[in-house]
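Structure first, then comments.
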């Protein structure tokens, strides 16, 4: 049960980070991690079929698509992309 | 499926089908277009004569087509509708002849004659509508198909007039629709019935019914040009003369007046309207309109605008007759539906001729025109004298019955309204006649083209015929086939005698 | 049950196979396949309608699986009406598209290539969307509806993007909105399923117990669908998407696709949720509808391009559909109100499709769709402008159009319930519609024709006219179509209708 | 708190995070990420809440989630290809802020 609590918290934390980080590349990598951990959650929920699909499609395929798109959309690697002031979650610059 | 079903439908189609076909004709085929128009108009007149004969034999023509689960689309022809139908059929024929001459060589004629025919079809539908929903359907279609005619010239002024026209009539249509749906929500579907469909309604609903009456009259009053809802009519003058003639005599204005006749007699019923006490305010509005229209007409120099305000005034004679109790006033009001049409269409035909032939559109330009165009001005003068109410012209008959009706109903002020209006009519028509006949021309008139009378025959014939018609209608008012006699029977039915 | 042919299943399967075939085939063959399938689906929808009239509503299973995992289809009068509406609009728009996307003479090779691209992908995408639409009308459980919703979105978005240029951003926004709406729906489904363990609409309606979870589900699902139907104030995505798509696609989107999600809300509110709904909920939707009518109409009046005007007009006209939710909360007016909504939706579908096709013709003929550049165009494109005028009559709600009859019922329902504010909105909406329709018609009829008569392929003009005529005739033929709607009527039976 | 409730609540939390990000983020790629988080959240919720009743896993939500994952990846692919075309055609990686209203 403790494991599940940790997993749930990690998922929420990861989601928070991946949606608010100022670096697109980092965001995509975080998203792939998020997908893999989500697959773990599916296993805990006794849904191995979904876990497999999540790992292969949710994390793998979607991740690959996102990485490819990022490379084409922002070729000059990580241009900081901070949401307009006051409208987004606080920029997490303080933590890294 | 018998002749009583098909005849009303055929009368409607006799102008609808040519209208649709004309749209598809190329602009150059003016021969085919004229032929189609005239054939349709003649067929319509023949069919209507057949219908009149049938009705005198005691037949009732009715076509019911299911529209909604609880309401049919009803075409119903008895004595009152057929009065309006025959009027529109005859005048469509004459106006078509006139319009062919008037628009010779001008652009967009397919569009014009197409909408012209549709306009007459819608008017026929308004005449024959057997319940309020059917009436509304044709009434709104009439609004729509008249708009392209009003803006036909395509100038900025015409478009402005078109916008004003639609702003008024569509708002009026919306009020009418609210009134009709409200009545429907209250008492269910309402068919037109002689002596009124609502007579048996209990006093609980009287308050709402008064409001509904006001909504219906307001909706219809826009087209009937009741003051203060008349604002569109003087603007609509920019339309070509045949359109003005049709608008003022047959189609739009008459549809409004006819609707008020229907609402008063066949929906509320004269007795029930008296119980509600709604007839007096209506009579008052009609009286104000009569006087106001005449006063405004006095001030106009533009001939067609003067005629337009004269229409505002004259149409309310019909409404005054309807709102005054008693058989005689009813006869006076309903027969004016016909008499006003014949006289006013003559005036507009003549105004159009003056404009087309000599370029005259102001009263002040008419000095001495009588010598240049004697036939036209004779027709014009007769119609003007008829409007004033000179015996034995048709206008006199209307005023006579209205006056008697007013006395009969114990409303002598009706007589006063008629008197004042007659003086005003004289004041705005007689100067025109004086100028045309007795003043010298401002400058020499251009000569008539060789092989023509004073103007093209197509233009000249229709006003002469309509002038003849209203003189006959006046002279032979007592004859059994006259409109007046017909109205006697209608009034008897509405008063249950 | 002896039914000679399973029209309902065919109407889903045929366009699906057609989509695959058109995708694999070459452009020209793809178009032929598309037209053939269109014809077949029209026949299917007619067949289904006749079958329903004869045998009554029915349920079909596909592939032998039983609910809830199998794909069950249910056909009743309402679904048949929607199916028929889609088939007619789709077939005529498809015919129009054969000319609209035809190769054009162009010196610009890039332009020629993008035209070829449009022509290549229109048919597979549209047939796929058609299959999704038909499946949506026929689906009987919440999850299948989710799937059809997603398929609908995934095919509609690339159709918008076919136009290229500014349509790309609009398509992107449309995609995001569409996905968000579907996920909100799925969230609601999750809540309902956890509460009741049932997905089938009929079974759910029997056991639905009001409670916070159900209310939240209703709010989420309705909210998601309102977003996808572009109900004010969630309409922001619609005008750019509908205005920038290629004309035939705009026609399909404005006429049919927004109606599909509206249909879902009607299904749920009339058939599944009534026990859990309060008067206030209906009021809220009604007032949103009223605001949409006024706001959309005023915006339409302010546009200077025809396609944007039409798109805002769609926002306004969708308002009428939601006005009905408020009217239908009064039991004595419910039957009139729902019938009005369905008739209004159908008439608007025909009319708005006609208008967008006509705007496509203008665009092709003039090279622009600016209102101030229309002077005298009616003499140069008479049939197109006539179609525009007729369909405009339907927008104004004037007789004999379908929306006249619909507004007649709405007015009666509003008057019976003493809803004066809605009476006022209905009247104002019609007058405003007249104003913005005339903003286009006025200049078009004005003045002499500038320039020669323009050759627009006759097919493009006549398909627009046919749809416009249908929208006007919808009012006259209403008594026959009502009989179909009454089959397996999800609404309370209407008084006065032969059962 | 049971296992299912825990994950269902995780789903709710993720849903609000994703929803918020979808609204406020401007970059298209971030919007796509937000949408994916939103989808995963809904799936968690679906399975988590459906499990509350019995011990044996219910196959219905599983089927739904599997379908949902496939739909999500298709939508992502579509969104990304649109984004690429938008970038190629107009150099945009965000939606135009002021909409043509």
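Using N, Cα and C of the backbone, Cβ positions are placed for all residues, glycine too.
Per TrEMBL, the features are as follows:
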- B:37-56: transmembrane segment (TRANSMEM)
- B:76-100: transmembrane segment (TRANSMEM)
- B:112-129: transmembrane segment (TRANSMEM)
- B:129-423: domain 'NADH:quinone oxidoreductase/Mrp antiporter transmembrane' (DOMAIN)
- B:135-152: transmembrane segment (TRANSMEM)
- B:164-185: transmembrane segment (TRANSMEM)
- B:211-233: transmembrane segment (TRANSMEM)
- B:245-265: transmembrane segment (TRANSMEM)
- B:277-295: transmembrane segment (TRANSMEM)
- B:307-329: transmembrane segment (TRANSMEM)
- B:341-361: transmembrane segment (TRANSMEM)
- B:413-437: transmembrane segment (TRANSMEM)
- B:457-479: transmembrane segment (TRANSMEM)
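Just going by CB pairs under 8 A, the stretch in B:76-100, B:135-152, B:211-233, B:307-329, B:341-361 that sits most against the transmembrane segment (B:112-129) is B:135-152. With Cβ pairs under 8 Å as the measure, the transmembrane segment (B:76-100) is packed most heavily against B:37-56, out of B:37-56, B:211-233, B:277-295. Panel annotation: around the transmembrane segment (B:413-437), residues 283, 287, 290-291, 294-295, 297-298, 300, 303, 306, 310, 313, 320, 324, 329, 363-364, 366-370, 377, 380-381, 384-385, 387-389, 399, 402-403, 405-407 of the same chain, lying at least six beyond its termini, place a Cβ under 8 Å from a Cβ of the stretch. Long-range contacts of the transmembrane segment (B:135-152) within the same chain: residues 73, 108, 111-112, 115-116, 118-119, 122-123, 125-126, 129, 158-159, 161-162, 165-166, 169-170, 173, 176-177, 180, 192, 223, 236, 238-240, 243, 246-247, 251-252, 255, 259, 262, each at least 6 residues beyond the stretch ends and with a Cβ under 8 Å from a Cβ of the stretch. Counting Cβ pairs under 8 Å to the transmembrane segment (B:457-479), the top-ranked stretch among B:164-185, B:211-233, B:277-295, B:307-329, B:341-361 is B:341-361. Taking every recorded stretch in B:164-185, B:211-233, B:277-295, B:341-361 and counting its Cβ pairs under 8 Å to the transmembrane segment (B:307-329), the highest total belongs to B:277-295. The list of residues near the transmembrane segment (B:164-185) in space but at least 6 beyond its ends in sequence, with Cβ under 8 angstroms from a Cβ of it, reads 132-133, 136, 139-140, 143, 146-147, 150, 208-209, 211-213, 215-216, 218-223, 229, 231-232, 235-236, 252, 259, 267.
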